[in-house]
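Peer 1: Positions annotated as disulfide bond by TrEMBL: 116-126, 249-259. The domain 'SRCR' annotation in TrEMBL covers 48-147, 177-284. Annotated signal peptide per TrEMBL: 1-18, in sequence order.
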């Protein structure tokens, strides 16, 4: 007996107490009822759902492909992608969440490095690296919080009370921090207590990242955070011993109490689906520190008009704006269409005390035929052009990176090289330089209007690789764009 017959028998049985032939029930009503049940049972290619949230408008995203549900990685995950997901689910705009805000990924990743212009009808219409191609671990699940109408009631997924409005505030009580459950003193579960007579409790794993972990290591004089754990490996919590939640640090704090929180004490609430997962850290005494050279951006920035015929490799790596792909679909002579590029050189120094190494193992590096070498990081830098309203108006993205020592200070020998499947990284005292003549080392600005903008280049923007600090990883500059030239000036160094 096939599935459809079983379904029809069950459907008829569910109508046992209802006369479907009654004149009170029209043919269209019967069809809608059947369609409603089929909609819940049928899994369509490209269908999406939210999991781990407390209500239907929030959660990590899962997408159905090839007969299986899978997660979406948070690389390049931003508001345009969140908006597409929320509209596909019947909501309005949404907020993008990262790093498994609603719990770690439960399944394999189907999608990574998504690029949406925000107008797509479904998330599967956006560009991405291909089904199943990713370099993500279980902590990188992408999610959304979709906006709802003020008077619209959103069904809860659990019997828990709805979340209160998210309010961030600082602790006014003295806070003591310690690590417990680790194999060595430099690692363990983070526990805090308020006041000398208070009891120690756990820190919720929601939104816990290397930035918060780094503050803990500094406070305990243990150096720098090498790992930020969201786990029960060092001993978990049943949800009743959590006394701090929603920790949000800038990164320059010297004490965890200087950070902001969503709740502490009796008001601490974890939103993750796995209540046993709590915050943990691993600290080391040496660490890399990347510093972007802003003067190199100012002196090398310039415009170049280039036909798409010469950008086919860049198109394979999603380095041009979305409009170029539309032209490719609609115009038979797409290859002669010209794109305007803002080119520049990115020069990055490792000024720390340890080498900067990729966060994924060498056996997972991807070989790119266009560039004829392995790429060890998918998101090492992002390039943004922002208008006066704070909206990104140009898509800047260098899809993959090969890390190597291009230039070293006097007395330092380069040790990392991309050629011949060599080890990749940036040695202490060496520069990794991506010159403006390298493919994808630019922003496609063809569609933006002439005027003044903010230009921002961010290194290690998703904080996937630990550093001493992220306060010197971005250069934010003024950009003057005219019909004849582009000028980058007044750059300041800050955080991504």
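Residue numbers in this text run from 1 along the chain shown.
Backbone N, Cα and C define each Cβ position, glycine as well.
Walk me through where these features lie, including what they touch and how far apart they are.
Peer 2: Taking a C-beta cut-off of under 8 Å and a sequence gap of six or more, residue 126 (disulfide bond) has these contacts in its own chain: 81, 84, 114, 115, 116, 120.
Note on residue 259 (disulfide bond): other Cβ atoms within 10 Å of its Cβ, all shown chains, come to 22.
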Peer 1: Mean pLDDT, the domain 'SRCR' (48-147)?
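Peer 2: So the average pLDDT across the domain 'SRCR' (48-147) works out to 85.
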Peer 1: Once the chains shown are all counted, how many other Cβ atoms turn up within 10 Å of the Cβ of residue 116 (disulfide bond)?
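Peer 2: So the Cβ neighbour count for residue 116 (disulfide bond) comes to 23.
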